[in-house]
Structure formats: C-alpha cells, structure tokens
C-alpha cells in the first residue's frame with residue numbers, strides 16, 4: 001500500500017479541507033515520517049507574512065526529507081493567492097492546486113496534473129472526510145469566503161465572497177459523525193454569524209442552531225469567529241438559551257478605539273461592541289475569546305493606550321494579539337505604516353497585559369466544578385489524564401490535568417464532572433467526581 005504524509009498548516013478551516021483530502025485518499029496508508037511517504041501534501045496558509053514563511057519553509061523542508069520518486073503536492077491558500085509566482089519559484093514541487101479542488105486530489109495525483117478551479121471548494125453532504133486529532137470532537141465548516149471589507153485582510157481576494165452550505169448538508173454531516181461516536185462540535189467559517197446572508201436569510205445561524213438541537217447524541221457545540229456587525233443580539237440570546245450550544249463566545253474585535261474601528265473598516269463602534277460583550281458576559285458560565293491587531297496604519301499612542309486599558313479591565317478569558325502584517329490587495333497596504341520598532345514595542349506591552357488577563361481567567365476556575373471531556377495522555381506525563389473543559393474549543397483554550405478519580409478508570413472521549421483543584425501555570429489540576437453520560 002502506498003504511503004501518504006499530510007501537513008496541514010494554519011487555521012482549523014484548513015484542517016477540515018485537509019480531512020476532506022484524507023477522505024479522498026483513504027486508499028493510502030498514513031505515515032508520520034516524510035522520508036517514507038510516496039505522496040507528501042502540504043496544505044498551506046497564506047493569511048499573513050509569518051504564515052507564508054512557515055508554509056514555504058515547510059515545503060522546502062519536506063523536499064529535503066522526501067524519498068526519490070515521491071510526489072510533493074502543495075495546495076491551500078498560499079497557492080491560491082500566489083499561484084503564478086510559486087509555480088515559477090518552487091521547482092521542488094511536483095503538483096500544485098489551490099482552494100477549489102480538495103475533492104479532486106485523488107484524480108490530480110493519479111493523472112499527475114495541476115488543478116486550479118475558479119471557485120472555492122464548498123463541502124457537501126456527500127463529501128468523504130477522515131477526522132483527525134480527536135475521537136469525540138470535530139470541526140464543522142458551515143461556509144466559505146467572506147463579504148466583509150476589513151482594511152487589513154486579504155482573505156476575500158483569494159477565498160471569494162460568502163458561500164454558505166445548505167442546512168440539510170450540515171445536518172447530514174452531523175448525523176453521520178454522531179453515529180460514528182462524535183459528540184462535541186465547533187462550527188466554523190470566516191464569518192460564522194453571516195451564515196446564509198448570501199441566500200437572503202438574516203437569521204440563518206439561529207435556524208441552524210434550531211436544527212442542530214434536534215439531533216440526539218450531541219453533547220456540546222460552540223460557534224467560532226462571530227463577526228461584530230453580523231452577530232445580532234437575537235443570535236447571542238439564542239446561544240445563551242440553548243441546551244446544546246455552550247456559552248462560548250469567540251469574536252475577534254481587532255480594536256476598541258473608535259478611530260481605529262473606522263480606519264480598519266469594521267463597520268461598528270466601541271459602544272455597540274461593549275453592549276454586545278456585556279450581554280455575552282452576563283450568560284451563565286460564559287467564556288469569552290477575542291483577538292486584537294496592534295500597529296495597524298493610523299494607530300496612535302492614544303488608540304493603543306485605549307486598547308490596553310480595555311483588555312486589562314474587561315475580563316476576557318482568552319485573548320490573541322497580533323502585530324499588523326502589511327498585505328497586498330488590502331486597503332491598508334497603501335496607508336502610511338507604523339514603524340516596525342513601534343509595532344514591536346506595542347506588541348510586547350500588550351502581550352504582558354494579555355498574559356495577566358489569561359492568568360486571572362485560569363485562577364478563577366479553582367474550586368469550580370466543570371464538565372470536561374477526556375482527550376488522552378497528558379503532555380505532563382503518564383500520571384495525568386488530559387482533558388478539556390466542555391466549553392472550550394479543542395487545543396487552543398488550555399489543558400486540564402486529572403490525577404485523581406472518584407469514578408474509576410477514565411475513558412477517552414467520555415465526559416466527567418471534575419473539581420478544579422489548582423492552577424499550575426495555565427494548566428488546571430482536577431479531580432474526576434462522576435461520569436456524566438454513558439454514551
């Protein structure tokens with residue numbers, strides 16, 4: 001049997017596309033060593049400069065490790081965005097494709113030909129997919145593309161405009177995954193709260209929540225990448241009212257200064273953002289994640305200080321911060337740029353604030369009782385079982401270490417009620433109290 005090595009870079013949306021490719025290539029034996037693979041695939045990220053460099057380095061590194069007569073295939077956002085340049089500059093690569101042909105990857109390899117469709121690939125209920133990384137959790141991509149016009153983001157230039165999956169397609173995939181033992185789902189898109197806007201439906205995500213709740217066997221779900229202008233008060237209240245969707249609110253804000261929100265073309269203001277955030281925060285057991293960009297063109301010292309004060313005071317649970325990356329095909333590209341030294345200085349300042357904010361979030365979990373799902377052996381060694389809070393997204397929000405159990409041996413993928421005993425440098429030590437369900 002021929003062997004396949006696949007490297008998926010970038011976001012969880014890319015991961016879903018990689019899993020689609022694995023589904024099409026199920027005849028191959030997956031391997032962990034590039035040097036033994038007959039086919040090597042890199043699913044690239046082309047979002048910001050650091051991601052582009054990571055993708056190029058990964059391609060060159062795999063070329064160095066590959067065996068003679070193997071095929072090196074490069075796909076994904078970087079290829080879609082820089083197709084002509086990369087095909088000229090990467091003679092190491094055998095086959096190229098972009099973001100439109102994931103379900104034709106088997107055909108492409110068989111015929112040894114490049115493929116570049118004009119449209120972005122959109123998953124259907126007939127798409128074969130092999131879930132990786134978990135036996136209980138899966139990401140569900142509900143749309144592709146984006147209609148927003150943020151000044152710093154090039155994604156619409158290579159992913160295109162919003163294209164939503166049909167609800168029946170999503171429900172069919174969920175039912176199949178539940179039948180295979182999956183019970184925990186994260187719904188993703190570039191802008192999830194705009195789901196079905198392209199079909200003229202303004203409450204599409206609410207309708208999807210209604211349909212998801214009818215499926216027996218789903219234990220938890222969360223929605224990632226809410227966009228401030230497309231996420232309505234009604235949507236937030238519907239999530240809060242749900243018995244399946246946890247009160248996990250992931251909304252990248254990018255800034256809080258009204259001046260910067262206008263420059264960044266975010267379509268909203270700080271007053272509306274704070275009202276929405278306070279509504280989210282009022283939910284029982286709420287968990288708030290966001291992200292900010294520092295050093296965007298036009299950011300004054302006063303704007304930056306306003307951002308720092310807000311991050312320090314609001315009480316987010318998780319915050320990601322990024323240095324502005326100058327990207328072609330964006331409105332900010334031709335604006336007067338903030339000097340690199342200033343950007344780096346600001347990044348270090350806000351990273352310190354964020355570190356303290358996240359530490360407080362972990363600390364407030366001590367003595368709480370939480371539902372967790374066991375995920376495997378801990379990174380801290382054989383004496384701990386790793387778990388995640390059922391509210392959390394997979395991998396990015398933290399790790400719970402269980403070293404005591406009042407309910408016998410713990411099963412992977414099973415849900416338990418745990419008491420949080422201690423915060424160990426952003427890892428929570430816990431004791432399992434009881435098994436929550438028998439599924």
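Quick reminder: no glycine exception, Cβ is built from N, Cα and C everywhere.
The record from Swiss-Prot ties 11, 77 to [4Fe-4S] cluster 1, and of the options 45, 146 it ties 45 to that site too. The sparsest Cβ neighbourhood within 10 Å, among the listed binding-site residues (11, 45, 77, 153), is found at 11. Secondary structure by DSSP for the domain 'MTTase N-terminal' (2-114): 55 helix, 23 strand, 35 coil.
The Cβ of residue 150 ([4Fe-4S] cluster 2 binding site) has 20 other Cβ atoms within 10 Å, all protein chains considered. In this structure the alpha carbons, written CA, of residue 150 ([4Fe-4S] cluster 2 binding site) and residue 45 ([4Fe-4S] cluster 1 binding site) are 19 Å apart. If you draw a 10 Å sphere around the CB of residue 146 ([4Fe-4S] cluster 2 binding site), it holds 21 other CB atoms from the protein chains shown. Across the structure, residue 45 ([4Fe-4S] cluster 1 binding site) and residue 153 ([4Fe-4S] cluster 2 binding site) place their CA atoms 13 angstrom apart.
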